[in-house]
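Q: Supplied in structure tokens, the structure appears directly below.
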Amino acid sequence: MSQTLSFVLKTHSVRKDFVHSVKVTLARRRDLQYLYNKLARTMRAEACPSCSSYDVCPNCTSSDIPDNGSSTTSIPSWEDVTKTSTYSLLLSEDTSDELCPDDLVNVAAHIRKALSTQAHPANTEMCKEQLTSLLVMAEAMLPQRSRASIPLHQQHQAARLEWREKFFSKPLDFLLERIGVSKDILQITAIWKIILEKACYCKSYGEQWFCAAKQKLREMRTFESDTLKPLVGAFIDGLRFMTVDNPNPMGFLPKLIGLVKPLNLAMIIDNHENTLSGWVVTLTAIMELYNITECTIDVITSLVTGFYDKISKATKFFSQVKALFTGFRSEDVANSFWYMAAAILCYLITGLIPNNGRFSKIKACLSGATTLVSGIIATQKLAAMFATWNSESIVNELSARTVAISELNNPTTTSDTDSVERLLELAKILHEEIKVHTLNPIMQSYNPILRNLMSTLDGVITSCNKRKAIARKRQVPVCYILTGPPGCGKTTAAQALAKKLSDQEPSVINLDVDHHDTYTGNEVCIIDEFDSSDKVDYANFVIGMVNSAPMVLNCDMLENKGKLFTSKYIIMTSNSETPVKPSSKRAGAFYRRVTIIDVTNPLVESHKRARPGTSVPRSCYKKNFSHLSLAKRGAECWCKEYVLDPKGLQHQTIKAPPPTFLNIDSLAQTMKQDFVLKNMAFEAEDGCSEHRYGFICQQSEVETVRRLLNAIRARLNATFTVCVGPEASHSIGCTAHVLTPDEPFNGRRFIVSRCNEASLAALEGNCVQSALGVCMSNKDLTHLCHFIRGKIVNDSVRLDELPANQHVVTVNSVFDLAWALRRHLTLTGQFQAIRAAYDVLTVPDKVPAMLRHWMDETSFSDEHVVTQFVTPGGVVILESCGGARIWALGHNVIRAGGVTATPTGGCVRLVGLSAQTLPWSEIFRELFTLLGRIWSSIKVSTLVLTALGMYASRFRPKSEAKGKTKSKIGPYRGRGVALTDDEYDEWREHNANRKLDLSVEDFLMLRHRAALGADDADAVKFRSWWNSRTRPGDGFEDVTVIGKGGVKHEKIRTSTLRAVDRGYDVSFAEESGPGTKFHKNAIGSVTDVCGEHKGYCVHMGHGVYASVAHVVKGDSYFLGERIFDVKTNGEFCCFRSTKILPSAAPFFSGKPTRDPWGSPVATEWKPKAYTTTSGKIVGCFATTSTETHPGDCGLPYIDDNGRVTGLHTGSGGPKTPSAKLVVPYIHIDMKNKSVTPQKYDETKPNISYKGLVCKQLDEIRIIPKGTRLHVSPAHVDDFEECSHQPASLGSGDPRCPKSLTAIVVDSLKPYCDRVEGPPHDVLHRVQKMLIDHLSGFVPMNISSETSMLSAFHKLNHDTSCGPYLGGRKKDHMVNGEPDKQLLDLLSSKWKLATQGIALPHEYTIGLKDELRPIEKVQEGKRRMIWGCDVGVATVCAAAFKGVSDAITANHQYGPIQVGINMDSPSVEVLYQRIKSAAKVFAVDYSKWDSTQSPRVSAASIDILRYFSDRSPIVDSAANTLKSPPIAIFNGVAVKVASGLPSGMPLTSVINSLNHCMYVGCAILQSLEARQIPVTWNLFSSFDMMTYGDDGVYMFPTMFASVSDQIFGNLSAYGLKPTRVDKSVGAIESIDPESVVFLKRTITRTPNGIRGLLDRSSIIRQFFYIKGENSDDWKTPPKTIDPTSRGQQLWNACLYASQHGVEFYNKVLKLAMRAVEYEGLHLKPPSYSSALEHYNSQFNGVEARSDQINMSDVTALHCDVFEV
């Protein structure tokens, strides 16, 4: 950049053209200014976040600098700024001085003004791009704490934050691609910050982020070095080879012909065939011709693995070409040739097509290029300009990375130690990269900028080191206190002692001051008179110093913040014998950490006694400190006589040991020893290390084994180190330990079986195993001898240390280097070899640094390979085995000695007993190694022979097929046999079904024999297969098989299973049953004594079975056992059996609606006598569409709730197959004792209670009174302004005198009215459609839970236990498990459920404590709470929780939205679904729960049962939920006739399924009323979203045209559809841009698609608060939980931020008032902060613990909202 500015300012002609171009551009901008400002207001929502970097910035505000650039009170004028040294350094190449930060800020301020005001004088000297670049670099070069003074800094930060929100969730490949193509420096900075942030937290995001960050920080987009220079270099080398090295080009022609072999090549091409075998033959011949067969086979694997990586980048080329052509604008070009030449030159140098702004510069330089000479001169000027642009792009890239790293150096961003360590490593990498650029001669003019960037990174590195030190355990210092009378020489002795402990000057701390900026951190610290001040808590200060935990010193200066105490030795002095009193609570901790030295000076004491009042002479002090008496006290001696009492009671009871007298030298030595002992730590030894090898021998053989290992190391030039004993020394490779059998060792052990001096001769034969007598594989031996730990680069070379070469490669081109490196690398590492080869060839003088960077990120293979590369810059020797060592020399050195010897283990390792000690992995490894060697020797010949066989097969006679089989399925036909398409399908299907491999001829022959009626086994099986293949695709039959093993229920398929046709399906056109028997797990076969089937029976539970009399008369058996205790009532009978079926069916006296196979039943259900073949039978006449047969008697007929109401007992025969005779269910008492306790007793008489027909109970459970909702202290006077109040409290409430009992009775009365719902046939057709629709994403046969406790733990433990047990579930839990009372209740219900018996369906009734609208409070309306029995809830959770979870997990794809989080991107999916509809209807329903038809609820439960397994638990749960609910309150039990209790298990899912079927039935009836037959699945032709009673219907035009009739049908079903806002009027389509669903308004906001919570719901959060239960709700609660209340108000602020700043300011005042009056420790967030937090939580960037991912409860902390 500095070269560009110098070029512009110093070259008059160029400057004149340049300024003219700028003026023209500015004039055009002024003409378009008005239009731009007008459009900016309307397009602000979609504006680029980096708009602050352009000419007219919408984010900019007015500046204090005048338009003419004159001075202000704090900023000098533009004329004065241009005279500063900083400005001169920016425009010159002087690199001796640093840039002044203050002057840099002033320059940036004027540049900002120049960007916003065209009148500023800077616009006449520099263009917009230069001004913007200077401003960006000014921000990067300043330290982070000084950037706030730069203009536009906050706008830049805001822009980067917006980019961060847009790109944070993008994958790594997308971000890296954006860095490569983006021209926006703010966007690039934000992307770098995202990459580096995720790299710091790679534990959460993946290790690939950290690896990619390290790699990309070392890379720079230098197109000139990467592409242009190698291209030019290759051209020069080729030209030199053709001219200088080969002066006679024609002499090269014979060599070229001999190399190409054109005649052989032509013959191969002539014989080529365009078939698979032809290509194999041709390619193999070409590989043989040029002798590249082996290397081609080795390379194919690498090419295939990299193929998919290239495909993934195919779209990048298209996007770049598109951006190139769409970014151009028209230019008036006088000479297009030179114009395009300049553009091509710019691309070759910078790697980028020049943008529109730089095209104007090119045009200005080429305006006078009208001749050849002037064109060449202009091109030279442009080349210099392009080189400067290339350097500028590097500086801008480095600036962006520096800003990103410096902004991550924040405790709120990088919070843990791991992230700080990774940030430190990344900062060091970038620092090293910038340092490399400072050494580049081309970048010398940018050294001031680069040095400032390095200074910024130095600050980051220092800060990270401080943060790491704070969190790291430190060495515990040694603290000695010199006590004694004043004047004895303690301070002087402390100084002398410090010099003996360390060569550094001691640090000095004064505890009388409260900050310690003067502390230097040296090894010794002296604190003189540490206890002189009573105001200082010196005891705790000393305890903090002598500690392993880091101690942060209190410092006043900003740069010293975070300074740690790091001294190793602490010397303190004191005049007190007891610095800390023993009675102090910190005395024990203090004296445990310090050692006290009692210092006395006998000469001084005698002088003071002899001559009191005279000064002490110097003769009393000696230089060697022999005048001092140093007495070291014992541990924890608080004075000379006593030791601290461990119990802290009597401190004068334990005598101190005698002191130890020392001199100054021995004291220093003692302190050093104490420091070493104090910091010794016991560390757990690692497990078996794979790099440690132990050779176990006898003690007498240790020296011999050591000599053998050293001989092996010298013979093989190995890298391991020989150690005697388990202790290891430093080694670059493995360590070989010579051990005795008794020594412990964590490594791999090998037993030495032979060991003598004569074995040294065996090494010449290279048989290491025979020499040592150990059993080792070749791989282990190679690993021992040649493994290299890490990557090592040796810049200095000793010839005796170089390994012997295995390969010598002369590098003439980049391909030579890459091809040789492949031997050293794994498959992943081979792709990085090409990059390294480019670096080596382009910059040969930087070979060690580049190879070091490359080696750090490269994975080397485990094979030992040594290669010597002879390059133009010198010789490089690379040795690899796990790791790598590299020697880079500037001259040619060839190591003599041939090929390195490969260690082998000998041929006897698997013979005899040696194999017994090898693990199987080693044996198989040897086998695979042997197979690999065999393959390597035959792979070429195998390929050649295969190709030769294919070539020979060309001349084999072939049969031709005719017709459509020709060239179609020829490979599948036999010799001379052609199949039609149908025959081909038959052949394939027959082989697949019968698991055969018949040829075509055998299949045709078998089919022919079967058609002729052959009776052999194969022909009979074929005819059976053919008949089953021709049957319908959906035929199957359920059968009961009775055998020796018992009774089995199996499904026998009568046809092959075929795919479902999703098109026209006639099964939806009319009602039909499912084809399977209801309650099949409860149905058994009744047989006679011979086992012949007579009829069926149905299990009622506990071994009681129901059947018909003519089936069980005589000797009847069930499951091979005679039945007993037979009781009859007419034709209906019951009996007992000890054989119990796995499930039971519920019975009920009522009218059936379904026959045993699910078909509808038409009957008047009036019993009368009918004449049958078995005599007169009293039964009911019915008609169905199912044909029955003899033996079907006893099968159940059911009602809408799945209860058995009658048994099949006869039919009309072949003449009238639809006529059926059904025996009604009659109660027969078969109970020996009560089966299960229940509240509702059928035997008790009915009573009337306040208009309800009910049963009286023995106990009375009253309805809870009072409320926990109170007025907030902040709104005692104005709570009436709120639209909601706590619900009515009963008869004593002045707002509504209605009693709680009356409220419950009024709420229950609608449940007692019968609601019919949709017609039977319509309902079951829609049920089939919904099942078919859900089958697309809900799996079948979801297993039920088999563990009772596991099912119980799936429940919400904050809810009621139901009518049989008082309190909530968590009240009956101990240590997370149920107590005995709850466990007994669960066990009794679970036992019945495992037998398939339905449980009592009873609920306890309460009233919900909540806020209600004031008008509803005055009317006395409260919502009921149905408390379900905990046993029923557990059984239902076990049966259907898996199905429910499968449905809710796919809410994005289906109509049911249970489980959706309206504060997440899921709301965007809802918005897209709504927008795609032709018409949208939002519907709510009044009194939804009480208007539900039992038949619809039973159909929904059957849907859940359809997707679950067929276990008894599922039968029990389904039968229980289908039975009528019973409400229990105030000592009465009411059996309701309709409705769906709100506390029913899985109520949200069942309600949603009901909703879907209601809407489907209404649509079906509306269409068929218009003579439109519905033969398709309705749910595939429209979309809907439902959550209980909330619904949004997205109708196509056809459905919308009959919407009035649809809603009319819903009303006819008993429902009460209303508008969402409860207003009166017909339901009409709404605007899809603002749809209300789940009390949320789904709309587009400036932040994206959001679900806005109702404003009144947010505001009433601040008026009421939860507290103790009371009737006085107008009085604030006595205690307030500040945590939950603070979280509630915080979330309310976040929700309010989505409604805009005006509404948020209103909420903010309420929040501040609540904080003040309620005493909360909460600071309400500002609008921008609340908006940022909500958006972060919405996008998943910032998680919160109170997030509720379900919309049936509010996402705020408190449940005050009306749901």
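Residue positions begin at 1 at the first shown residue.
Each residue, glycine too, has its Cβ placed from N, Cα and C.
The active site, for 3CLpro activity annotation in Swiss-Prot covers H1110, E1131, C1193. Positions annotated as ATP binding site by Swiss-Prot, on the basis of sequence analysis: G484, P485, P486, G487, C488, G489, K490, T491. Summarising the annotation, Swiss-Prot assigns domain 'SF3 helicase' to 458-614. As annotated by Swiss-Prot, domain 'Peptidase C24' applies to 1073-1229. Taken from Swiss-Prot, the feature domain 'RdRp catalytic' applies to 1478-1603. The feature O-(5'-phospho-RNA)-tyrosine is assigned by Swiss-Prot to Y984, with similarity to another entry given as support. Annotation source Swiss-Prot lists phosphothreonine at T1040.
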Q: List, in sequence order, the same-chain residues at least six positions removed whose CB sits under 8 Å from that of E1131 (active site, for 3CLpro activity)?
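A: Listed in sequence order, they are V1108, A1109, H1110, I1177, V1178, G1179, T1209, V1223.
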Q: Distance check, please: Cα of C1193 (active site, for 3CLpro activity) against Cα of Y984 (O-(5'-phospho-RNA)-tyrosine), rounded to an integer number of angstrom.
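A: Distance (Cα to Cα, whole Å): 47 Å.
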Q: Can you check which residue among the binding-site residues G484, P485, P486, G487, G489 has the largest number of Cβ atoms within 10 Å of its own?
A: G484
Q: Give the sequence-ordered list of residues that share a chain with C488 (ATP binding site), lie 6 or more positions from it, and have CB atoms under 8 Å from its CB.
A: V599, T600, N601, V604, L628
Q: For the domain 'SF3 helicase' (458-614), would you mind checking the mean pLDDT of the predicted model?
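A: Looking only at the domain 'SF3 helicase' (458-614), pLDDT averages out to 86.
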Q: Give me the long-range Cβ neighbours of T491 (ATP binding site): same chain, 6+ apart, Cβ under 8 Å, in sequence order.
A: D528, T573
Q: Please compare the recorded positions K490, H1110 by how many other CB atoms fall within 10 Å of each one's CB, and tell me which has the fewest.
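A: Per-residue Cβ counts within 10 Å for the recorded positions K490, H1110 bottom out at H1110.
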Q: Quiz question: given the recorded positions Y984, C1193, which has the greatest number of C-beta atoms lying within 10 angstroms of its own C-beta?
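A: Per the Cβ count, the most surrounded site is C1193.
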Q: Tell me the Cα distance separating Y984 (O-(5'-phospho-RNA)-tyrosine) from G484 (ATP binding site), rounded to the nearest angstrom.
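A: Between the Cα atoms of G484 (ATP binding site) and Y984 (O-(5'-phospho-RNA)-tyrosine), the distance comes to 110 Å.
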Q: Where G489 (ATP binding site) and Y984 (O-(5'-phospho-RNA)-tyrosine) are concerned, what is their Cα separation in Å, rounded?
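A: Cα to Cα, G489 (ATP binding site) and Y984 (O-(5'-phospho-RNA)-tyrosine) are separated by 112 Å.
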Q: Which whole-number value in Å describes the distance between the Cα atoms of P486 (ATP binding site) and Y984 (O-(5'-phospho-RNA)-tyrosine)?
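A: Between the Cα atoms of P486 (ATP binding site) and Y984 (O-(5'-phospho-RNA)-tyrosine), the distance comes to 114 Å.
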Q: Give me the CA-CA distance between K490 (ATP binding site) and Y984 (O-(5'-phospho-RNA)-tyrosine), in Å, as a whole number.
A: 108
Q: Between G487 (ATP binding site) and Y984 (O-(5'-phospho-RNA)-tyrosine), what is the CA-CA distance rounded to a whole number of Å?
A: 115
Q: How big is the Cα-to-Cα gap, in Å, between P485 (ATP binding site) and Y984 (O-(5'-phospho-RNA)-tyrosine)?
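A: Y984 (O-(5'-phospho-RNA)-tyrosine) has its Cα 113 Å from the Cα of P485 (ATP binding site).
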Q: With DSSP assignments reduced to helix, strand and coil, which class does T491 (ATP binding site) get?
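A: DSSP call for T491 (ATP binding site): helix.
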Q: Using the CB centroid of G484, P485, P486, G487, C488, G489, K490, T491 as the ATP site centre, which other residues of the same chain sit with their CB within 8 A?
A: T573, N575, V599, N601, V604
